[in-house]
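Here's the structure we're looking at; comments come further down.
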Amino acid sequence: MDKPRVRFAPSPTGYLHIGGARTALFNWLWARRNGGTFVLRIEDTDRERSTQAAVDAIFDGLRWLGLDWDEGPDVGGPHGPYFQTQRLEIYKTHAEKLIREGKAYACYCTKDVLDAQRKQAEAEKRQFRYPGTCRELPYDPSRPHVIRFRVPQTGSKTFVDLVKGPIETPYEVLQDEVILRGDGVPLYNFGAVVDDVTMAINLVARGDDHVNNTARQILMYEALGYPAPRFAHLPMILGADKTRLSKRHGATSVTAYRDMGYLPEAVVNYLVRLGWSHGDQELFTRDELVRFFDFKDVGATAGVFNQDKMAWVNHEWLKKLSDEELARRALPYFQAAGLPAADDAKLRHVCAVARERARTFGEYVQQFRYFYAPVQLDPKAKDKFLTQDTRPILEAIRAGIAALEALETAALEKLFHDEAAKRGLGLGKVAQPVRVALTGGTASPGMYDVLQILGKDEALRRLDDALRIIG
């Protein structure tokens with residue numbers, strides 16, 4: 001069997017969607033597993049909606065996920081160009097070939113005529129199909145026209161999908177669709193077929209919303225004299241309400257999850273499990289995915305996107321990283337929030353205590369910004385724990401900290417336990433006012449970690465501030 005040549009062909013009309021990213025991932029894994037070629041092609045024929053910013057977002061999203069391409073707009077290759085708008089002559093040549101061979105024809109019907117026919121079909125409550133008005137007319141390139149593909153009027157087309165199995169489409173549900181507009185721009189099916197033929201694509205893996213296009217495309221491959229590639233139609237990704245995943249379900253772009261502080265390893269891991277499985281294993285390294293991935297293990301039923309599960313996967317990946325690696329990768333998020341963090345022992349300690357408590361780098365910043373910013377007191381915590389009753393506790397702990405040469409765990413533990421014993425209180429009754437004074441809230445890592453991260457001078461300053469607030 002020939003080595004696979006697969007492609008990811010997004011339209012640059014917005015961000016890289018989670019669904020598109022999974023399609024790219026499955027293609028990339030298949031190519032890498034089998035020593036094949038992963039091609040990136042940009043389908044930018046919608047000139048009004050296509051933007052360079054969207055192209056850049058696609059590039060950035062794929063690179064962040066670690067999905068490198070072997071051929072594409074920026075890296076070149078033997079089958080370019082890789083933007084559809086730069087391939088119009090190629091489409092024209094193939095359309096003219098079909099006309100010469102009687103497999104396509106010029107349609108001179110005006111928009112008004114076609115609109116009237118659609119309205120009549122709607123009034124009669126039937127689906128509009130082009131009636132073949134121009135099917136037998138001679139080709140006159142001087143007249144305004146589009147090119148239509150000639151579909152057989154009887155019979156059916158069957159193909160075996162790698163995910164869904166055999167699929168049959170009767171020709172009677174198809175119509176002589178437009179393949180080339182009057183301005184020379186191809187319609188989706190024809191553009192995709194010509195590109196796949198001329199780029200030697202031999203496996204097309206895409207979302208199953210394209211299943212209905214496949215019979216049409218196979219007819220076009222055959223009309224052009226080429227074997228059709230194999231097809232694998234991937235199950236849809238749904239939101240929690242079992243409708244197609246969209247913005248109303250929350251973030252749906254790859255870059256949004258990057259900005260929220262997800263690891264690319266975790267996003268890849270979660271996306272590949274939306275429709276594919278390998279036994280009961282949940283977490284996979286990149287090498288394991290390349291080794292195990294096979295389209296035969298892709299399920300045919302839609303996957304439900306669960307952001308909590310994705311956050312769990314990310315948390316598991318974060319816990320695999322060393323303190324040093326955590327700090328290095330968390331640093332840009334603290335800096336983006338305007339916090340004066342650096343890749344140093346302090347940040348490594350912050351990440352060490354965050355490891356079990358926060359699931360994303362965004363949560364690291366949200367939950368632990370008080371290590372780098374002035375305390376923002378929670379009003380309820382302030383009213384409950386910064387009172388005249390707790391003043392003696394805060395004063396005693398402050399004095400004890402001031403007397404320590406270093407904030408070592410054993411010394412801090414003795415200080416807090418001695419103070420609790422002296423007052424006949426549980427340890428929590430002593431620690432909680434100190435916690436509120438140092439962090440602004442009632443939930444934090446262990447008090448000894450908090451003190452060690454803040455350092456002696458900053459801890460004393462915050463305790464002094466709390467005492468001033470009490471008055």
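From the backbone N, Cα and C atoms, a Cβ is placed for every residue, glycine too.
As recorded in Swiss-Prot:
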BINDING   C107, C109, C134, E136  Zn(2+) binding site
BINDING   K247  ATP binding site
MOTIF     10-20  motif ''HIGH' region'
MOTIF     244-248  motif ''KMSKS' region'
*Could you state the whole-number distance in Å separating the C-alpha atoms of C134 (Zn(2+) binding site) and K247 (ATP binding site)?*
43
*According to DSSP, which kind of secondary structure is K247 (ATP binding site) found in, if we only use helix, strand and coil?*
helix
*Whole-number Å value for how far the residue listed as 'ATP binding site' lies from E136 (Zn(2+) binding site) (Cα to Cα)*: 47
*Between the residue listed as 'ATP binding site' and C107 (Zn(2+) binding site), how far is it from one CA atom to the other, in Å?*
39
*If you take the centroid of the Cβ atoms of C107, C109, C134, E136, the listed Zn(2+) site, which other residues of that chain have their Cβ within 8 Å of it?*
Y105, A106, Y108, G132, T133, R135, L137, R148
*Any idea what the model's mean pLDDT is for the motif ''KMSKS' region' (244-248)?*
78
*Can you count helix, strand and coil residues in the motif ''HIGH' region' (10-20) using DSSP?*
3 helix, 1 strand, 7 coil
*In this structure, which of the binding-site residues C107, C109, C134 has the fewest other Cβ atoms within 10 Å of its Cβ?*
C109
*Around E136 (Zn(2+) binding site), how many other C-beta atoms are within 10 angstroms of its C-beta?*
7
_Other C-beta atoms that fall within 10 angstroms of the C-beta of K247 (ATP binding site)_ = 11
